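*Asks:* Next up is a structure, given as structure tokens.
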Amino acid sequence: YTILSKVHSDRNVYPSAGVLFVHVLEREYFKGEFPPYPKPGEVSNDPITFNTNLMGYPDRPGWLRYIQRTPYSDGVLYGSPTVENVGKPTVIEITAYNRRTFETARHNLIINIMSAEDFPLPYQAEFFIRNMNVEEMLASEVLGDFLGAVKNVWQPERLNAINITSALDRGGRVPLPINDMKEGVYVMVGADVPFSSCLREVENPQNQLRCSQEMEPVITCDKKFRTQFHIDWCKISLVDNTKQVSTFQEVIRGEGILPDGGEYKPPSDTLKSRDYYSDFLITLAVPSAIALVLFLILAYIMCCRREGVEKRNMQTPDIQLVHHSAIQKSTKELRDMSKNREIAWPLSTLPVFHPVTGEIVPPLHTDSYDNTSMPLMQTQQNLPHQTRIPQQQSAGQY
């Protein structure tokens, strides 16, 4: 029931609903669509990638997936068709890109989904294989070996591969590129007989306890898979569709559940009109009137009750006004003098020349000297560098 086909232009395929469908896009086939242009003595090995989409739409149907690891590997379309699409042709546009010459080639794949009489199989088991990637598991030889191992353990009359899903699509993390680690893959198979005792060993309480402690459970048939497939038995899922699970649940009334209020009765269409005039007066008119009164009182106090400068001067004594005017004039003079601090010093503070020797004599006092009580002009007797001029004697003396 697993359909494996190779790419051909405008090819029709007929997968069954609920059965794994695999379609390989081979690079060797598309190489003939592109001129090789190799150098003499060289073999063309151009990188080719594929783009797949539903005709008229930018993406594929929800049940169909596509994977291609590198431009030098084949692409694979895989998935499990659904019952809703039975009888409706699904046209997939396949576009091949030559990454060396930038040329393209397009083919159509017409998928005609058929209904299966024995679908769905009542007993389904999903295995998680840790040492495989999805494209490795999709290979016909590897998938056939896995189904053979499951058949030896389960012993069914009919066994189908239902779906294959990468662990990355289930929220798994990308493995580190060391020790050839794999991302893991989920494989779901279905059979027509109940699960074997070996598969039921996973539900053993001892094995459930070991799984909760992150330890490997003890499964007797694990050696039949261990040679090629490393199965995580703690993640196996067994579904029995023969047991009808009732979805109806009786409601037990208690805290948090409101009592039944009966039928909903909407309000009548003939509602009485309501007068909003009183609401308008309370919410807008009254506060606005109060604010207006307060504004008028404040304006009267600020504008109409001012005394003015003339009335103030009339009530002030004359002597006080004279003192105030004198203080203002003195302050103005001091401010004017402070603006002219960069003018030349008075001549009385500059150095003078000695009248005999011509030597420059420094000022009479230092900068730190207190000259508040010093007269503006000094007598000649007070000058320390005064030179005495000889006086002319009288004619009768020699």
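Placement of Cβ uses the backbone N, Cα and C atoms for every residue, glycine included.
From TrEMBL, here are the annotated features:
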type	residues	note
DOMAIN	12-120	domain 'Dystroglycan-type cadherin-like'
TRANSMEM	280-303	transmembrane segment
*Asks:* Please list the DSSP helix, strand and coil residue counts for the domain 'Dystroglycan-type cadherin-like' (12-120).
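*Replies:* Residue counts for the domain 'Dystroglycan-type cadherin-like' (12-120) by secondary structure: 8 helix, 42 strand, 59 coil.
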*Asks:* Take the domain 'Dystroglycan-type cadherin-like' (12-120) and average the pLDDT across it for me.
*Replies:* 85
